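One structure is given here, and the rest of the page talks about it.
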Amino acid sequence: MAVWSRSGGMAGVGPRGSAVRSWPAPRLLPGLLLALLVLLLVPLPLPARAVPAASPTEPTMRVLEDAAGALDAARVLAAPGWRALPAGAPNLGYSDAVWWFDLRWDPPPGGGRWSQLELAYPVLDQVEIRLFDRDGVERGHWRLGDKQPFGQRPVPHRHFIVPLPRAAPGQEAVRALVRVHTSSAVQLPARLWTEQAFLAGEQLDQLVQGLYLGVMLGMLAYNFFLWRVMRERVYLWYVLWVAAIASFQASIGGLAFQYLWPEATQWNDRAIVVFLALAVTSASFFMIDFLALARRGGWMLRLPQATAWLCLLALLSAFVLPYPMAIRLAIGCAVVAMFGALLVSALRGREGFAPARIFLLAWFLVLAGGLVLAASKFGLLPRNGLTEHATQVGTALEVILLSLSLAGRLQHERRLREQAQAEAMATQRRANERLEQRVAERTRDLEQLNRRLEQASRTDALTGVANRRHFDERHAGAVQRAIASAGPLGVLLLDLDHFKRINDTLGHPAGDDCLREVARRVAMLLAGQEGGEALLARYGGEEFIALLPDLRPPQAQALAERIRRVIAERPVDSVAGPVAVTASLGLCCRVPRDAADGIAMLREADEALYQAKRSGRNRVAIDLRTAAAGAP
């Protein structure tokens, strides 16, 4: 698990260049940063001057890899393969093996005794520590790790600390055998403390942690308030980013496990991946807004967008992938985002976009903090309060710097808005009201007209049922659905018997009344029938056609017979008096093979209709294939 903290960032749509160029804060930033750095550095040497010989000591160390995990404490010291480790915190990377560490130390210089052994890497899963005196007698045994509830630790501290018991001369602990099995990176930064040195170092550490969390919470609260007031997305991304990076630092440093979820051992590992991925995601969207990349477009926009979505994938992976895979994915996203942010902000700065220079400086501070921490881990820089907390110092400076930039942007844009509002608000409001009224009226008129035109284009004006155009549209879709579902489809053609005689003898108004009444009776029957939604259309003159989806041939023929009876059983009341009306019906019902077969069904229904006419009218005829499919 990497101790290195920060991700990279890229996120949301930001300030205008003129806003930052007109704001004097960029000229003051070097002085502000220098003052803050001095304030952070001043307390660092004080514990060393106040407490003589207070520096902790690293024990000499050797290591053995137990790939099978088969060794125990009784046999491991005699096993071959031990190798000495150089000074400094060992980092053996990710490994599924069990690792044994043999730690040895001498008494503190100038007398006194070591009171505590600290393993300053709080994300190790399983840690077993045994203490031995000079004669090899075991003097203490503890099982620790972030897979154990926090309350089981012998010393309630975010790091793994075991007390070195007081003992008679010659019986004090001078050696520790440490067994480590973890899904995180195998690191063991071990230190021995005197009681005075530990108290002094802990005070400094608590001071730094308090300063860091205070800065982060202060910036978070301040910018959250700005977001609530301004409702600008860039402030929301900033708040999410600050919350995520502070939570990540608290999780990887052990503070969150100590104070927030001391019993949630499974979540503790996932939290590191979740907060790191969330920090990179929110920082990516923040960069898009802050650097106005949406207006810039191109690869400068696509790079942070891609990184953000990849980080969301890494966030989800925390709940499905093993921890080593998930954290590597999250760290990879962070590295890409970090260098992508530096590259994009540098290029935007060269384009003359002034806020990009501030963004570049802010991310450079984060990168510098990570490099300082890495250099201390490799022994290139001394380990002290500054190097141990370099990433926290870097992220705190970054947060402050970007918050100052956002504040300047807010101040400048607020002045511009107030000026513009004072000049144009009244005129704009009246113009908007008139425009909205005209648009609303025109929209209503167009909607009503479109509805009428749509209805007219689909409806037969005389009978009120669908017209042939609408039927043709519905028929093609019904055929495709029947083919897809392998369900039956019925086509029913209906022609009024001797309708020309009605028109010739009683007049066209009486004929129109007959058409309307027949359409009404058939439509009512179709509305109550089972199966899919039927459609009735006027096919031409005195001819109607109906689509009968999901009806088997016997059902379709029974429905056709009911239609014939309901037309014939009661005369139609017309302007010329009661008119007896009958109809001949032709039915085709089956599962169509393809679109061409669906069209052929129309022709076969028409042939069945003429068969009904030839057979004496006022009857239902079915085509041969429908009869063969099982119609009674």
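Count begins at 1; order follows the chain as displayed.
Just so it is clear, glycine is given a Cβ too, placed from its N, Cα and C backbone atoms.
Looking at the stretches 1-20, 41-60, 181-200, 561-580, the one that TrEMBL records under the feature region 'Disordered' is 1-20.
Counting only same-chain residues 6+ beyond the ends of the transmembrane segment (210-227), those with a CB under 8 A from a CB of the stretch are 40, 235-236, 238-239, 242-243, 245-246, 249-250, 389, 392-393, 395-396, 399-400, 403, 406-407, 410. Outside the transmembrane segment (329-347) by six or more residues, the chain places 2, 4, 6-10, 273, 276-277, 279-280, 283-284, 287, 291, 293, 300, 303-304, 307, 310-311, 313-315, 317-318, 321, 356-357, 359-360, 363-364, 366-367 with a CB less than 8 A from a CB of the stretch. For the domain 'GGDEF' (487-625), the number of residues in each DSSP class (helix H, G, I; strand E, B; coil) is 66 helix, 38 strand, 35 coil. For the domain 'GGDEF' (487-625), the model's average pLDDT works out to 91.
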